[in-house]
Amino acid sequence: MNDKGYPNAYDPNFKGPVAKRSCTDVLCCIIFILFIIAYILLGLVAWIHGDPRRVAYPTDSKGHFCGQKGTSNENKTILFYFNLFSCTSPSVVVNLQCPTTQICVSKCPEKFLTYMEIEFAHKTSQNYSTYYSQFCKTPFGKPAKALAQLLLDDDCPTAIFPSKPFLQRCFPDFATNNGTLTVGNKTTFEDGSGRTRNAIELRTAANRVNKILDARAVGMKIFEDYATTWYWILIGLTIAMLLSCMFVILLRFIAGILFWVFMVGVIGIIGYGIWHCYQEYNNLQGRPNSHLSVYDLGIQTDLSMYFQLKQTWLAFMIILCILEVFIILMLIFLRERIRISITLLKEGSKAIGCIPTTLIYPILTFIFISICIAYWAVIAIYLATSGVPIYKVIAPEGKCKHENTTCNPEIFNTTEIAKACPEAQCNFAFYGGKSLYHQYVPTFQMFNLFVFFWLINFVIALGQCALAGAFASYYWAFRKPDDIPPHPLFTAFGRAIRYHTGSLAFGSLLLALIQMFKIVLEYLDRRLKDPQNNISKFLQCCLKCCFWCLENVIKYFNRNAYVMIAIYGKNFCRSARDAFNLLMRNILKIAVMDKVTDFVLILGKILVAGCIGMLAFLLFTQRLPTIIEGPTSLNYYWVPLLTVIIGSYLVAHGFFSVYAMCIDTIFICFLEDLERNDGSTERPYYMSQSLLKILKEPTVRTKKH
């Protein structure tokens, strides 16, 4: 401490953000740039080796795409299974492949036919053979082989059934006739190998394949819902943006009144949610199966089934009631601190009014984050589809000792494996390879995820530092707005990029490492879920809780460190230390305003998301037909509804986060102002009189006490 009571690092003649700066944390900046270069190179390598068409098209047993343009399968867009009954094998679940030959066809079969039948029918009509041959590997004009030889060579299916395309695959055309399951109006039929089968057996086999495709089916339905409602979603997000912008403008003039609007609005929206949950719960009384629990229902891909249970709506109602009581109690116990927060909001509104360009910055952050997400997703897809077709031995009954070993389909019939396991087949399994690149694809995926986290945190840190620099310029202007330097946001953004990229990368790296540890813990938890005992589960929960707390603590101190970087231009560690010491010296003031202000802003976000969500709910559930007709025939109305609610909350968060950063910066500057100045003519305060009155007086009383 010097003779005036200031820490040695402080300059009592300080008049605002330091203009003369030098680059900070250069080593971390160099490492960050090298990682970005490596990330770009990884994208180029993945682009060379990957093929996203492997995700879009089904693949036959030879690894060829169905429906790919410029190939012999261009007009054959559907995958056909030779023997669907073999899909009941347990290996289906293990290998995610049905142990039968699969070929690409232009249409699914529409009638019952067996190869044995066409051997006799060909003598009277050649049409049967021509029709049947389109489901063989090679079309033929007449049956050229006996059934026994055909089974050995696996050139054609032994039988075909009436089918319909589903997810670009031929599945039996099931129907129910008087409660009896049928296929093509038949309950029993010949399978072509001399056995009589029934529709239930065929459905069991089809369900095994469906379990593999259920996730994709849900994805397709969700895509259809988005295709139907995309313009409604955009309208909802636009209204959320306008509503958020209106709230931000009104906060400058009627912050106190608007706070109570927030409160009444949030309480009213939650109250409506409680009433709606009670109505749904009451309407389900007496309905069959509505009394079942979520545990009884199990894991279902059709999430709408959960909304047909009373337990679901009861749980929602209890959660909303708890939230309503919590908000009301917060209002009662924090009424004095809320008054201080409203004053801070008014001060923040003045700063934003003087620097209106700060409201546009969230759009820039959104663009940067969107680019990072898109690049990460593209690299992940290209890495996942890298490699050459890998073929593995698959046996229908799963009894071959060579099952799941790698094979070559061109010479498989001449190998010892084919002789030892006559029924085994060499089918396409996945894309991979034995080269050095393919061996490290999982490592590249982890690198892709890590750099993605680093970049996302860096973009957020850059925004916080740029906004902090702009608002610090406002605070340290003695005559506002005359002394505010021109283009403060642009100047602060340029300083952050030019001098402090390394410091921002350092803080972002800490968060990225913690987030990667959380991902690894989640992965281990899923992999070791079955063999875990109670002690290991408890330790896992403790670790998750610790990392969650650590992540939030690091985010909080990083945020304040970026404010100090924007003001003084020091490196990350020194700025974090100075911010920590400053906050610890004023811990009581932090308790007065910090989280209470966040609570007020969160209420605003909830109000925006709740208003838009309530309108979207009424629209997507066809409850406003007299006013406006919404989209009809949605598979899952909750998909666009949740998208609108979450999107509206994020839009509101973008606008209110500017407020939060403004208030945090003004508060840090206020604490610096108190320690540097005493209100005299020689060292006057830079804060406004309202801020001085409401924040300094409680501290003076506390010190006297």
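Residue positions begin at 1 at the first shown residue.
Note: Cβ is positioned from N, Cα and C throughout, glycine not excepted.
TrEMBL annotations:
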TRANSMEM  24-48  transmembrane segment
TRANSMEM  230-251  transmembrane segment
TRANSMEM  257-278  transmembrane segment
TRANSMEM  313-334  transmembrane segment
TRANSMEM  359-384  transmembrane segment
TRANSMEM  449-477  transmembrane segment
TRANSMEM  497-521  transmembrane segment
TRANSMEM  599-621  transmembrane segment
TRANSMEM  641-671  transmembrane segment
Contact check, the transmembrane segment (230-251) vs the transmembrane segment (599-621), 3+ Cβ pairs under 8 Å, seq sep 6+: yes
Stretch among 24-48, 449-477, 599-621 sharing the most Cβ pairs under 8 Å with the transmembrane segment (257-278): 599-621
Outside the transmembrane segment (24-48), six or more residues from its ends: residues with CB under 8 Å to it: 375, 378-379, 382-383, 386, 437, 444, 447-448, 451, 454-455, 458, 499-503, 505-506, 509, 565, 569-572
Contact ranking winner - 313-334, 497-521, 599-621, 641-671 against the transmembrane segment (449-477), Cβ under 8 Å: 497-521
Contacting positions for the transmembrane segment (599-621) when only residues 6+ beyond its ends and CB under 8 Å are counted: 229, 232, 236, 239-240, 243-244, 247, 259, 261-263, 265-266, 269-270, 272, 327, 330, 334, 338, 341-342, 345, 628, 630-631, 634, 637, 640-641, 644-646, 648-649, 651-653, 656, 659-660
Same-chain residues near the transmembrane segment (313-334), Cβ under 8 Å, at least 6 residues beyond its ends: 263, 266-267, 270-271, 273-274, 277-278, 280-281, 284, 307, 596, 599, 603
